[in-house]
Amino acid sequence: MSEKFFEIFEKKLEKLKEQNLYRSVKDMESRHGMEITIQGKKYINFASNDYLGLSQHPLVKEAGIDAIKTFGAGGGASRLLSGGTILHRKLEELLSEFKNTESCLILNSGYTANTSLIPALAGENDIIFSDELNHASIIDGCRLSRAEKIIYKHADIEDLKKLIRNISCKGKKVIITDTVFSMDGDIAPIRELYELCKAEGALLYIDDAHGTGVLGNGYGILKHLGLQTEAFVIQMGTLSKAIGVFGAFVCGDSSIIDWFINSARGFIFSTSLPPSTVASAYASLKIIMEDKELIKRLWQNIEKVMEIIKNLELKTTKTQTPIIPILFENIEQAIKASRILYDSGIYAPVIRPPTVKTPRIRITITAGHSDNDIEKLSGALTLLNSIF
């Protein structure tokens, strides 16, 4: 019987390979700045979400090492048992200050956050309105919720208005969106969503994973748009992208955060983040709040690469962020393009269905990229352009 089960999986994998949809893991042997080594060969990494390069900042690494010396390597238990430390509390207080909210809770990953917080926030008799291009973790969080789910067209505020105004709801209406869409790099119409929630008495749950540390001088989407923090806005974000470490957080009204502590299953039933991770995230966040040079450098690099893309007339999206996709007509072209970049010393893997509808190379820019790195990327993209 077990052999038959294995055959089922083998056939499924074979089908993925035939369709060029099979994925495999490539592991780094070392990393120095934006230079990585894979199977003995060095590449410039243009596939990292470490937008400010803070994962390798000396103060961030030192903070983690010091925490291990004081608290050990692991959390040991959930926060509701004995897994919490003063470091966890200090990070939550700093994140509350950073996002200008009453309270904050840290969780173990962005995926854990969305699949735990959304079911805790919206349940029976509630209605969720979710952007059609929201991250997989939001989609899965909505599926786990007992609320009714309504999908609106991507970033289409008029479509959402029609939907939200033409449906009756016994409970809460909750609008959920990424702020920056991770595969296209575009920004959601947050100002319009904010005003719509105000008018309709709805909650606004925003996933600012790719906006935190990048937009609004580092403070995220609300600061970027000059919007005030309000009780109806719940701000989720991650510690793993611009902050450069690992984990996630949610900031908002103290009563909502307290409810999450008591009902978000991914928080209640998970061992806490290691103290070293928390200490490193705290050090990183302090750098973002106090030193704006890295953010300035990031945006300078984004402008340089966007100019290269424009001059080469490569097909891209309406990106407004460090995420710069190069689009291709089919999977075969995208795979070939990724190999050309790979052979040129540029690490930028192909993104294929079902992650996205249109195959692409997703280039991400960081403050850690040097002028030489960008020049090397320019040469590789020029070669790419001559072939396609």
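Sequential numbering from 1, following the chain as shown.
Just so it is clear, glycine is given a Cβ too, placed from its N, Cα and C backbone atoms.
In Swiss-Prot, the substrate site is described by Arg23, His135, and among Thr355, Thr358, Thr364, Thr366 the residue recorded at this site is Thr355. In the record from Swiss-Prot, residues Gly110, Tyr111, Asp207, Asp208, Ala209, His210, Thr238, Leu239, Ser240, Lys241 bind pyridoxal 5'-phosphate; the candidate from Ser130, Ser182, Ser263 listed for the same site is Ser182. Reduced to three states, the DSSP call for Arg23 (substrate binding site) is coil. Ser182 (pyridoxal 5'-phosphate binding site): 23 other CB atoms within 10 A of its CB, across all protein chains.
Residue pair Ser182 (pyridoxal 5'-phosphate binding site) / His135 (substrate binding site) shows a Cα separation of 7 Å. Under the three-state DSSP scheme, Asp208 (pyridoxal 5'-phosphate binding site) falls in the coil class.
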